[in-house]
Amino acid sequence: MSSVLADVLVVTALIGALALVHRPLGDYMAAVFQSKNHLRVEKWIYRSVGANPDAEMRWPAYLRGVLVFSAVSVLFLYLLQRIQDKLPLSLGFKPITPDQAFNTAASFVSNTNWQSYSGEVAMSHVTQTMGLAVQNFVSAAVGIAVAVALVRGFARSRSRTGDLGNFWADLVRCVIRILVPLSVIAAVILVACGAIQNFGDIHSITTLTGDKQAISPGAVASQEAIKDLGTNGGGFFNANSAHPFENPNGFTNLLEIFLLLVIPFSLPRTFGTMVGNVKQGYAILAAMAVIWFLGVVAVTITEYAHPGAASQLAGGAMEGKEQRFGEGNSSLFAVSTTMTSTGSVNSFHDSFSGLSGGVLLLGMMLGEIAPGGTGSGLYGMLIMAVIAVFIAGLMVGRTPEYLGKKIGTREIKLAACYILITPALVLIGTALAMALGKGESSMTNVGAHGFSEVLYAYTSASNNNGSAFAGFAANTEYHNTMLGLCMLLGRFVPMVFVLALAGSLAEQKPVPATAGTLRTEKPLFTGLLVGAILIITGLTFFPALALGPLAEGLA
Amino acid sequence: MNTSFASSARMAWAALRMLLVLTVVTGIAYPLLVTGIGQVLFNDKANGSMVEVDGKEIGSKPIGQSWNIKGTDKPDPKWFQGRPSNSGYDPLTTGSSQLGASDPTLVKNVKAAKKQVAEFNGVPQSEVPKDAVTGSASAIDPDISPAYADIQVERVAENNGLTVAQVQKLVDDHTDGRTLGFMGEPHVNVLELNIALKGLAAKS
C-alpha cells in the first residue's frame, strides 16, 4: 500500500471515529451540565470545600470563581516546583528557577502547556502527577465550564435574572463525570500499547556495544491521556509525543489525535442540544471541520512535496519526524494539535517546510477555534458567530440576532474586545522581543525562518497552544516572564468578555424568529462564518506572516 | 470594602480546598489506579519493555541506541545503524535539531550524512533513503525504514561472516508493517534486528 493511500485511510478512520462518538458524547456532556443530581463523590467534594453546587451565579460571581481558582492554582503549582527537591520521589532533581517556575505554572493553568523545561531532567514524579497532570484536568474543565456558561446565556430565556449556573458544580462534574473516566480508558489502552507507567528511578543499562544508556521512568500513560484529551499538550518528555514511551506506534498516534479532537468536535452537539436545536450545533461543527480539513490537506501535500533545500537534498521532509509516523501521520498530528490549542507534537514543527509552518501558525492565529481547545474552541467559535451575524445584519440593515438573542451595542463591543486581545498580545509581544534584541539572541535559524520562530512562540503562548518552533531558546528570564504573561492574559482576559457576554445574553428575553431572521443553522451561515474568520485573521496577521513563513516559502 | 475583602478571602480559601480535593482525585487516585492496572496487566510494557540478552538487560525495545564503536563517534560496520540523532541516542536529552527545511546548516548536515552513509555501505548516493540522512524527532527513534535496512545488508553480512541471503532474511523477518495495515509507516526496529543478528553470527 502506498503511503498516500494509507494516509487517506488514517484520516477516514479518524473522521469516522469522531463522527461515531459525536452524538453520544455531545449529548452526554449536555446531560452532565443540565443534571439536577449530584453523585456521592461530588457531594463529598462540595461538603469538604464548603460550596453550594445549587446556588446560581450571575456572571461576575462565575468569573470570580474562575479567576480565584486559577490564581490559587498558579500559586500552588509555582510552590510545588520550587520545593520539589524536598518532597519524596524527587529523582534528585533541583527546584525549578523562579522565572521558569512562573512560566510553567502560568503555562499549565492557562491550558497552554508551553514548556521551557525538559521533563526528563527537570520535573520530579510528584511535580508531574500532583502538579502538572492536575492542571491538565482542571484547566481543561475550566475552559469547558466557561463555554457551558456562554451556552446557557444563549439557551436561558425564562429566568431573565442573568444566571449562568454554578462554577464549582460545572468544574467538578466536568472532571469527575467526563475527563477522569475517559482518561482512565485511554491511559490503559496506551499502557497496553507500550507507553510506560511506573514510579521507578532512572535506570542505567549497558548496551551490546558496551555503552551506558539511561532509561527514563514515569507515570507517562496517565499523563499522556489527559494531556491530549484536555487539549493541554505538555509532554512528559522534551520530545513530547515523538518520544516512543509517550507514543509507541501508528495506532497510539491515531488514538492520540482522536483524543485531542474528540471533546472539541463533540461540544457543538452539546451546544445544539442545550439551545434546543441540534442543527445550530451542526452549522458550528461544519465551520470547524472545514477549516481543520483544509489545513490537514495543505500541510500533508506540502510535506510530501518537501520544498526547502535540505529536504530536497535528503529526498523527503523527514528531519524532525519519526520513522514509524512518516510525513503523513506527522502532518495530521501537527494540524490537529495547532488547531485545537493542544500543542503536543509528534514531530518538530520548526523543521517543517516554510509554507507548512505558515499553515500551522495560521491555525493558531485563527484563535484556536477549528475545532479549538476543550471549551475555548466552542466559545471562540460562538464569538465569531456573533461577529458573523453582526456583519450579515449590517449588510441588510437589520438589528442582528443569534439564537433569538439580540446582538446589540453591548454584545458586539464585548465580542470585538474578545477578538482584539490575542492579536494584540501576539503582535506586541513579538514586536517588543524583536525591538529589544531578545528575539534574535534566542533564534536557532537565521533570516525569515528565525523570525518565524519568535512569531510562533508569541502566537503559541497568547493563543494558549503551547507547541513551539522549538529551536527558539525560550528559557531566558525575559521570555519566561513575557510568555508567561502572554499565556495568562491570553487565557483569562478573553474569558472576562465571554462571561460578560453570557451574562448580557442571559438577561435578554428572546425575540421570536421572523421571515427576516438570518437562518444560522443553514450552510449559507457556515460559509459566512468561515469567511468572517479568514478575513478577520488575514487582515490582522498578514503583515507578520509575510515577514516569516511566506518570505521563506516563496524565496 | 471590608466585606468584599472578606468574601474574596473566603472564596480563595474555598478555591484552595477545591484544588486540594481535586489534586487527591486527579493527581493521586488517578495515576495510582492507572499504575495499578498497568503493572498488573501489562507489567512488561509499563516498565519500559526491557530487552534481555544472556540474562542481562541491554536496552528498551522502543528506545533507539547508538551503534558506534565504543568510545568513538564512528559507526561500527558489524551492526545495523540507526538514524542520525541530535543527542547521540541519549534518552535524557530528547528532541530534534530544530533546523528549518532550507536552513544552511541542515543542508550541510544532510550532504555530509549522504556521503558518509553511501561510502560506509558501498552504495551510490542516489540509493540512500531519506530517513538515513535526517535527524529523528525524538533523537531516540528506534526504527529505520526497510529501504535503509536493505542498503546495509551487504556490509553487515560481510562484517559478520554471514551470507547476504541470511542477513536479508533477518531484515525481512524484522520488518514491521503499518499497524493494522494502514496506521503509521513500515519500519525496522534496529535493536531487535541487531540482537537477532548477534544470535545468528554466534551460531555460524
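Quick reminder: no glycine exception, Cβ is built from N, Cα and C everywhere.
Among the features that TrEMBL reports, transmembrane segment is placed at A:61-80, A:133-155, A:175-196, A:250-267, A:282-301, A:376-396, A:417-436, A:482-503, A:524-546.
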Next item on the list: Could you name the stretch, out of A:133-155, A:282-301, A:376-396, A:482-503, with the greatest number of CB pairs under 8 A to the transmembrane segment (A:175-196)?
Entry: A:133-155
Item checked: Whether the transmembrane segment (A:282-301) meets the transmembrane segment (A:133-155): three or more C-beta pairs under 8 angstroms -> no
Note to self: At a threshold of under 8 Å on Cβ distances, which of A:61-80, A:133-155, A:250-267, A:482-503 pairs most often with the transmembrane segment (A:376-396)?
What the structure shows: A:133-155
Next item on the list: Could you give the residue numbers and ranges of same-chain residues that sit at least 6 residues beyond the transmembrane segment (A:524-546) on either side and whose C-beta is under 8 angstroms from one of its C-beta atoms?
Entry: 283-284, 286-287, 290-291, 358, 361-362, 365-367, 369-370, 381, 384-385, 387-388, 391-392, 419, 423, 426-427, 430, 455, 518
Item checked: Paired segments the transmembrane segment (A:482-503) and the transmembrane segment (A:133-155) in contact, 3+ CB pairs under 8 A -> yes
Next item on the list: Would you mind listing the long-range same-chain contacts of the transmembrane segment (A:417-436), meaning Cβ under 8 Å and 6+ residues beyond its ends?
Entry: 365, 367, 383-384, 387, 451, 454-455, 458-459, 461-463, 478-479, 482-483, 486, 489-490, 493-494, 497-498, 501, 536, 540-541, 544
Margin query: Checking distant contacts: for the transmembrane segment (A:133-155), what same-chain residues at least six beyond its ends satisfy Cβ-Cβ under 8 A?
Written below: 29, 33, 59, 62, 66, 69-70, 73, 77, 108-111, 113, 163-165, 167, 170-171, 174-175, 178-180, 183, 219, 222-223, 226-227, 229-232, 234, 263, 267, 270-271, 274-276, 373-379, 382, 402-403, 405, 495, 498-499, 501-506
